[in-house]
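Record features, source Swiss-Prot:
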| type | residues | note |
| --- | --- | --- |
| BINDING | C5, C8, C17, C23 | [4Fe-4S] cluster binding site |
| BINDING | H227, E251, C295, C384, C412, C437, E472, K474 | hybrid [4Fe-2O-2S] cluster binding site |
| MOD_RES | C384 | cysteine persulfide |
Amino acid sequence: MSMFCYQCQEAAGCKGCTVRGVCGKTEDLAKKQDLLIYTLKVVSLYNVEARKLNLVNKEIDNYIVDSLFATITNANFDENIFTERIEKGIKYKEELKKQISAAGGNVNLNEKTEAVGVLSTENEDIRSLRELLTYGIKGMAAYLKHARNLSYEDSNIQGFMSKALAATLDDTLGADELVALALECGKYGVDAMALLDKANTETYGNPEITKVNIGTRNNPGILISGHDLKDIEELLKQTEGTGVDVYTHSEMLPANYYPAFKKYSHFVGNYGNAWWKQNEEFESFNGPILMTTNCIVPPKASYIDRMYTTGVTGYPGVKHIENGEPKDFSAIIEHAKKCAPPTEIEKGEIIGGFAHNQVIALADKVVEAVKSGAIKRFYVMAGCDGRAKTRNYYTDFAKALPKDAVILTAGCAKYKYNKLDLGDIGGIPRVLDAGQCNDSYSLVVIALKLKEVFGLNDINELPIAYNIAWYEQKAVIVLLALLHLGVKNIHLGPTLPAFLSPNVAKVLVDNFGIGGITNVEDDIKMFENL
């Protein structure tokens, strides 16, 4: 087999990609990523030993985080970057060995060098649990990277990441120990999302109810995609007064909800939809596009010269803006000045900004609506969007929900229904968008607040159903976080993860009520009877 990857929802045949990734990843790139993941596990093995001796190396901790983020689906397609990261990892391993040895520690660790890659673990269930843990750690890394960009860090979370990665090399750990580690990963996932929430809100203010323009103006523009709020802050500052407008795309939409960004008159609104439509939407935008994180779709020749990457992202032939304090966006700004204004593809407004602080401010109104029966049930429909036509299920599901149901969402899954006219209940919109995928944390805070207000003992007693669309590894850490918090009866779609072996899937079904989706009518009946 030339390659094997099943980390995302688009894994070929719900089994795995073996020739080329559906994402566009080549065999050579897949092998480089496998080798980098193995390198990170070995570095983590020594990092754990070093930490036992109070040898904490922030540079190595950050290297692990950034490298994991680069391997997330659709983040980086540049083989050279992975070669550099592998070489850097080998250097760090030797550094750690010297430090451990000098401190009298053990350097005779089992690096398991016989084989690398997913299939190097023969036992299907152990392999499944190791990958579940690895993908959760990848998702966590993304959130830690964004928090660190705003100078918020947590050494304990980074210590757990090394512990978890090292554990995937330990053949003495059985299924029970790995399940426990996965749930512990969920605990640290909550911590990571809380850290990022704190970083974002203390830096830019709490998101607030906002109507976001989805039309265009007649100035040239820059389209910023991905998740990194530090990047959009620096871009807005540097484009001010230049005659260049700024638009968000896909997961950057929630930047419009933050008070700190509303002062910029050239911050127009949001252009387009979820990541997978970018081939058409980047073409019609006419101006340059800045990818701050995933998701990159292999670009068309017609606009690749207008595309820029930054941070951990990369694509061969695409210009990369290096890190800096601040980053220098002058090249993309000058490029924009030479481009035509965006072609308008839609008009109107969408509403969002319902993160935990805003919803809790409306708590009295929400509680009264629940008590009066005006709101019968909340549906958490957070997660990711994707190319599969089966994802139209989520549009149909939103349309078919009874008028007394409210959707709580975060992540690009929202694009399946955030432009539908679903109305409101007593002034409360029936789609409450908390923000990016990491803002699933807000939905947890809201649920815990409602549990407190209603005096319930168990979060599962709330009238909340979980119908989550997943795509990549950030959705995995959100899932593990929910499981850690004791949330049960979560349904995942459009398919269950290919990396869950039948036995591991059974454990999740039996212990947590995890399920898939069937059809809209039957699923709504099922949720109403939970």
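Numbering starts at 1 and runs along the chain as it is shown here.
Keep in mind that glycine also has a Cβ here, set from the backbone N, Cα and C atoms.
Positions of the features from Swiss-Prot, shown on the structure.
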residue	record	DSSP class
C8	[4Fe-4S] cluster binding site	coil
C23	[4Fe-4S] cluster binding site	coil
H227	hybrid [4Fe-2O-2S] cluster binding site	coil
E251	hybrid [4Fe-2O-2S] cluster binding site	helix
C295	hybrid [4Fe-2O-2S] cluster binding site	coil
C384	hybrid [4Fe-2O-2S] cluster binding site	coil
C412	hybrid [4Fe-2O-2S] cluster binding site	helix
C437	hybrid [4Fe-2O-2S] cluster binding site	helix
E472	hybrid [4Fe-2O-2S] cluster binding site	coil
Just the number: how many Å between the Cα atoms of C5 ([4Fe-4S] cluster binding site) and C295 (hybrid [4Fe-2O-2S] cluster binding site)?
-> 17
Between the C-alpha atoms of C437 (hybrid [4Fe-2O-2S] cluster binding site) and C8 ([4Fe-4S] cluster binding site), the distance in angstrom, to the nearest integer, is 15
Excluding C5, C8, C17, C23 themselves, the [4Fe-4S] cluster site's Cβ centre has within 8 Å the residues Y6, Q7, E10, A11, A12, G16, G21, V22, K25, A30, T73
Do you see any of the binding-site residues C8, C17, C23 whose C-alpha is within 10 Å of E472 (hybrid [4Fe-2O-2S] cluster binding site), and which ones?
-> C8
Going by C-alpha distance, which of the binding-site residues C8, C17, C23 is nearest to C384 (hybrid [4Fe-2O-2S] cluster binding site)?
-> C8
Cα of K474 (hybrid [4Fe-2O-2S] cluster binding site) to Cα of C23 ([4Fe-4S] cluster binding site), in Å and rounded, measures 16
Which of the binding-site residues H227, E251, C295, C412 has its Cα closest in space to the Cα of C8 ([4Fe-4S] cluster binding site)?
-> C295
Would you list the other residues of this chain near hybrid [4Fe-2O-2S] cluster - those whose C-beta lies within 8 angstroms of the C-beta centroid of H227, E251, C295, C384, C412, C437, E472, K474 - in sequence order?
-> S250, W275, N294, G411, Q436, Y471, A475
Fewest other Cβ within 10 angstroms of its own Cβ, chosen from the binding-site residues C5, C17, C437 | C17
Give me the non-local Cβ neighbours of H227 (hybrid [4Fe-2O-2S] cluster binding site): same chain, 6+ apart in sequence, Cβ-Cβ under 8 Å, ordered along the sequence.
-> A142, H146, E251, M252, T292, T293, Q436, C437, N438
C-alpha spacing of C295 (hybrid [4Fe-2O-2S] cluster binding site) relative to C23 ([4Fe-4S] cluster binding site), in angstrom = 10
Residue pair C295 (hybrid [4Fe-2O-2S] cluster binding site), C17 ([4Fe-4S] cluster binding site) - Cα distance, angstrom, rounded | 18
